[in-house]
Ligand code: PAF
């Protein structure tokens, strides 16, 4: 595995592969890699000639009171995991090369970015869209891979790619879960053992709500009620930021219960913020 730290060198290396007619699959990450990331890496490997992973904890997507400083960092282990997956290129830039002095250009995907998580994390999706646009320009991947767990992120990135005519296929892969259903996330490392057990309530709530929708017995208002009641029943969940049924394209609360709908949840367990979702086909 080639480890490249300098954006210009990453760009030249990827261009050389593209000129030889090789396809490139890029998996952008912030490190602390778990099975969820590795499922994206496996898919990128099988669908492309060259697999590339980026690890960059992007400061512009963290708010001033968020967890940038304590975000889990484990590059040595990440490198081992990526070597075991036989990844071809690891792009590991540092902050100053990604955001040099004088950096003032941002990508804003308006409308969608202010909803759901965006309402609680102002500026978050501006940071995500900006860094993903940079990574796509640096690596020029044929395909870029993202997890469905960050559903809104995938909607924002797809929209950006379409609106800016980016020549890349955005591939969204299923959420990978722990045995009790908790969606894998680097932030799960913040949970103490009691919180970790209690966090299973999120998946239980999504499963009960999709069951109610599928059986045709619950309206969207009733489904929302089921979701909020189940989450409120777990004492270690200290705040429900959102929990409802949404349109998969606009991310507005859905009242038309047909086709694909999104069940999405964001809760806090003390300092820890957890999100999860599921798409139900009615
Ligand atoms: O999902 C993530 O880990 C990040 O938001 C991403 C896409 C790597 C951008 O920093």
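From the backbone N, Cα and C atoms, a Cβ is placed for every residue, glycine too.
Please treat TrEMBL annotations as automatic predictions, because they have not gone through curation.
Record features, source TrEMBL:
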type: BINDING; residues: 30-37, 147-150, 176, 184-187; note: ATP binding site
type: ACT_SITE; residues: 37; note: active site, proton donor
type: BINDING; residues: 61; note: beta-alanine binding site
type: BINDING; residues: 61, 153; note: (R)-pantoate binding site
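Taken in sequence order, the binding-site residues 30, 36, 148 that lie near ligand 1, meaning a CB under 6 Å from one of its atoms, are 30. Remark: residue 148 (ATP binding site) has 154, 172, 173, 174, 175, 277, 279 as non-local neighbours, by Cβ distance under 8 Å and separation of at least 6 in sequence. On the backbone, the CA of residue 186 (ATP binding site) and the CA of the residue listed as 'active site, proton donor' stand 10 Å apart. One residue stands out among the binding-site residues 30, 33, 176 for having the most other Cβ atoms within 10 Å of its Cβ: 33.
Secondary structure at residue 153 ((R)-pantoate binding site), as computed by DSSP, is helix. There are 21 other CB atoms within 10 A of the CB of residue 61 (beta-alanine binding site), with all protein chains counted.
Candidates 37, 61, 153 (recorded positions) were compared with residue 176 (ATP binding site); those inside 10 Å Cα-Cα are 37.
The secondary structure of residue 176 (ATP binding site), as reduced to three states from DSSP, is coil rather than helix or strand. According to DSSP, residue 37 (active site, proton donor) sits within a helical segment. Residue 30 (ATP binding site) falls within neither a helix nor a strand when secondary structure is assigned with DSSP, and so counts as coil. Across the structure, the residue listed as 'active site, proton donor' and residue 30 (ATP binding site) are spaced 10 Å apart at their Cα atoms. Sequence-distant contacts of residue 153 ((R)-pantoate binding site), defined by Cβ-Cβ distance under 8 angstroms and a gap of at least six in the same chain, are 125, 128, 146. Sequence-distant contacts of residue 36 (ATP binding site), defined as residues of its own chain at least six apart whose C-beta falls under 8 angstroms from its C-beta, comprise 147, 149, 175, 176, 183, 184, 185. Cβ neighbour count for residue 186 (ATP binding site) (all protein chains, 10 Å cutoff from its Cβ): 19.
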